[in-house]
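First comes the structure, then the notes that go with it.
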Amino acid sequence: MAAKIFLDLPGGLKMPALGLGTWQARDPAELESALNTALEFGYRHIDTAYAYENEKTIGKVLKKWFASGKLKREDIFITTKLPMYGVHPDRVEFFMKKSLDNLELDYVDLYLIHFPVGFKYDENTGRVKINDKQEWETEPKTDHIAIWKKMEEQVNAGRTKTIGLSNFNISQIERVLKSARIKPANLQVELHVYLQQRSLVDFCHKNGISVVAYSPLGSPGYNKFLKSFGKEEKKLPDILGDPIIMKMAQKYSKTPAQIALRFLLQRGIAAIPKSVTPKRVQENIGVFDFNIEDNDFKELSSLEIGERARVCDFKLIP
């Protein structure tokens, strides 16, 4: 396999440009198998979040790898996130510590604010507070500046190497940038060949903010998530069945997923495809031994659809 690609973060930190996403991976045995496969095939970037309820499984697997001597803590890049019901100045440190306990780690490499809107926390359930209409209750005001100061304190305390944002737009990022002592190192958003978010990516790169794409393959399993909330299924973008991507997969002797991921890497964007299928986990990392040629890259760029192709539209939230 050719050399891997890394994104430079502040303080000499390097983020592997391909990671394993773990959203919706809640079955411990299934996730354990996927993580072991990923680590065996060279993944060194694991993305999780407190809200995914799988940090404990990840911590358990990592502990075994560290104990065996096959992996050192500094060999691996771990991202986790402040949950929506933790987006309040009084709860940042509380949830940071809970994530570290779950992961059985002294620090994470990157800690993100998962969402720009804060929700009320129900101490009885340990989750978001739900009102009489069965709706998630938002905080009356979300103070990004006050929350960011608490995020900076986590860096000072050594609980995270660096901090960033997730699902924020340009104006929200600008608000944070204006007052930040420690600038956001990263933005994680939905991003794929059909939803290329060019102005947002350009803004981030100009401001020294790295970008990570979640749902880089269009999240084929999203309807399963909607059904779990009793919501109607939606029409999902079929990136892996796109004729142009399939044609290129044949040309480069690669899978459609590898073409879609390589396209993002060549834009200077990291990707965290989620899979618990060992074969796909193995396939997804095979993106470092080829380059998409300029003409083909332009053809892939022309597949942009924009907002209509967004999978995670957050319409579940009132």
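Backbone N, Cα and C define each Cβ position, glycine as well.
TrEMBL annotations:
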{"type": "DOMAIN", "residues": "18-303", "note": "domain 'NADP-dependent oxidoreductase'"}
{"type": "ACT_SITE", "residues": "Tyr52", "note": "active site, proton donor"}
{"type": "SITE", "residues": "Lys81", "note": "site 'Lowers pKa of active site Tyr'"}
{"type": "BINDING", "residues": "His114", "note": "substrate binding site"}
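Locations of recorded TrEMBL features on the structure.
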residue : record                               : Cβ neighbours (10 Å)
Tyr52   : active site, proton donor            : 22
Lys81   : site 'Lowers pKa of active site Tyr' : 26
His114  : substrate binding site               : 22
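It is 9 Å from the Cα atom of the residue listed as 'active site, proton donor' to that of Lys81 (site 'Lowers pKa of active site Tyr').
Distance from the CA of the residue listed as 'substrate binding site' to the CA of Lys81 (site 'Lowers pKa of active site Tyr') is 5 Å.
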